[in-house]
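The block underneath contains the structure these notes are about, expressed in structure tokens.
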Amino acid sequence: MVFRKLPGVSASGMGLRLSQKFVFLLFLSGLVTLCFGALFFLPDSVRLKRIFLSKTDTQPHLKRAKDQEHLRGITSGKGETSTKLKSLSRKPSVSHEATEERLAGGKAQEDLTLFRSKAESASERATFSNHGASSDTFSYNKFKQCLLKAPLGREQGRPSDPRTAERRDKVKEMMKFAWDNYKRYAWGKNELRPLTRNGHIGNMFGGLKGATIIDSLDTLYIMGMTEEYNDAKEWVQTSLDLNSNGEASLFEVNIRYVGGLLSAYYLTGEELFKKKAMELGEKLLPAFNTPTGIPRGVINLGSGTSWSWGWASAGSSILAEFGTLHLEFVHLSELSSNAIYKEKVMNIRKLLSKIEKPHGLYPNFLSPVSGNWVQHHVSIGGLGDSFYEYLIKSYLMSDKTDEEAKKMYYSALEAIEANLVQKSPGGLTYMAEWRGGILDHKMGHLACFSGGMIGIGADDGVPEKRQHYLDLAAEITHTCHESYTPTKLGPEAFRFDGGAEATATRLSDRYYILRPEVIESYMYMWRLTHDPKYREWGWEAVEALEQHCRVDSGFSGIRDVYATTVGHDNMQQSFFLSETLKYLYLLFSDDDLLPLEDWVFNTEAHPLPIIRSVPPPLSQ
Ligand code: DMJ
């Protein structure tokens, strides 16, 4: 740059003036930067902060170019208002510690309501709503204030009736026994082998380790097992390595790891869990890079390459796998303010909503290339099950705003009732499987979750069918209880033909691998009806687990539920700690421990909060 000499000013004098100006400008820009930077340290409620920092996207680092490209489209404002998720935020900040104490301490709901009524004037509430709809960053504090009740309830849900409290303590002891043995013999591995006293890694999680730890975090937390929870958290901090390079089941990694981490985050507020959930969520995105956006079942977590299961007909994807991502992916978007996750699952939804369905039913196999059904096998058990579960739970988790999910769920249920629901000669209601119009009179243990599912959806059906749905839920749960005999544990599949009434007729169907589905339905039916029989049935299961599955160093599945002397399969499944024991504990707890008004459970029993965009009405 050339400086022209000013009249009466020497070159050195001009240089001096210029450097003074430069120093002044430097000082000024420093001051501006300082003021702007200070905005970050202001509480969320300060208006200046809301004006200047209202669009702080937390865009996670993406490895794959395709996803980066997609993200750029979102963050650059393309379709921003339509894709942006409503935030949970709706209140200006109050003392974080005060709220934490109320909620974590399990104080009663009145406390929280009182706290709200004091803090919120009508105009403030209007502001929260508006703020909630436009804010980009997730505030854990605000999320907690959106809950109707304290997650852990009064006295952590301890029932006042001594017998029930004793039963609950027994379940906690079982959890401690299962956990301690896992810790002692299989720490960091995926599951415990309780007979040989070692760990099992398997090939379902693509080289990820510690499935039992991730699956147990929330169970340990709600049971108040602080020391064990802290050990689990420390392991996540120091040893959970997500940079694995193996072939994983997209479905299993999602429901156990992503679900487990999300739930641990929402319950505890530990940023570590959120960070890990986001990191893992990103690694799952390449599975959706198919011509239709329907993900394939298997993904290499390192390279992002994905493919279909070898056993799935003609390279198809499985309904229960690609249909069981919705809850977790919506929450990934919620936490990251990045719409990509929700878009992926909404795309699946769109295809399934539009596609022609034989008799209104959803077959289990779909081509990720053509988007057509590959064969007409329909089942509420394995291969289909949690797709239906996630429809009604998507509706509930959206605070009953996701009308499309609701419509799809009730139409599917209507088709299931018309085509699959049967009554046995002995009067048992069951769900048969459907193969291109031909019924197979068999029900899998997995299908027994449907008692609970139909139960939680009963109240939102058309008024004239609500009682019918509740009755149907009770009938199915009853049938599943009937299958639990004579060890009081149930087989993998049971039949209703050739004179069979909820019994396994094949040797290969007689095993029990510590599955939760029947107990899951007891838990929901208890919450919905308070019929004491559900607690009694749950207790029968506890006694049977103790008698047949408890071995010296943990719990094991058994090979034949009809044998007088059982053989063990040497596997303590991670879902035993995540689901079976959690549902039993909830069954013997008061309803305010993880109240259904605030939480939905993913298919691995990890509680995820209902997303509220409108503040709940204030109590007087
Ligand atoms: C769990 O991993 C989940 O409940 C899944 O939806 C089905 N199978 C197991 C438990 O049986």
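Placed from the backbone N, Cα and C atoms, the Cβ positions cover glycine too.
TrEMBL annotations:
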- GLU252: active site, proton donor (ACT_SITE)
- ASP385: active site (ACT_SITE)
- GLU492: active site, proton donor (ACT_SITE)
- GLU517: active site (ACT_SITE)
- THR603: Ca(2+) binding site (BINDING)
- 78-92: compositional bias 'Polar residues' (COMPBIAS)
- CYS448-CYS480: disulfide bond (DISULFID)
- 63-105: region 'Disordered' (REGION)
- 22-42: transmembrane segment (TRANSMEM)
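Features per TrEMBL, on structure.
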| residue | record | Cβ neighbours (10 Å) |
| --- | --- | --- |
| GLU252 | active site, proton donor | 20 |
| ASP385 | active site | 25 |
| CYS448 | disulfide bond | 31 |
| CYS480 | disulfide bond | 28 |
| GLU492 | active site, proton donor | 20 |
| GLU517 | active site | 23 |
| THR603 | Ca(2+) binding site | 25 |
Distance, CYS448 (disulfide bond) to THR603 (Ca(2+) binding site) (CA atoms, angstrom): 13
C-alpha spacing of ASP385 (active site) relative to GLU517 (active site), in angstrom: 11
Rounded Cα separation (Å) that holds between ASP385 (active site) and CYS480 (disulfide bond): 15
DSSP state at GLU492 (active site, proton donor), helix/strand/coil: coil
Cα-to-Cα gap, CYS480 (disulfide bond) vs GLU492 (active site, proton donor), nearest whole Å: 11
Rounded Cα-Cα span from GLU252 (active site, proton donor) to CYS448 (disulfide bond), Å: 19
Close-lying recorded positions around ligand 1 among CYS448, CYS480, GLU492, where CB distance stays under 6 Å: none
Distance [Cα-Cα, Å, rounded] between GLU252 (active site, proton donor) and GLU492 (active site, proton donor): 19
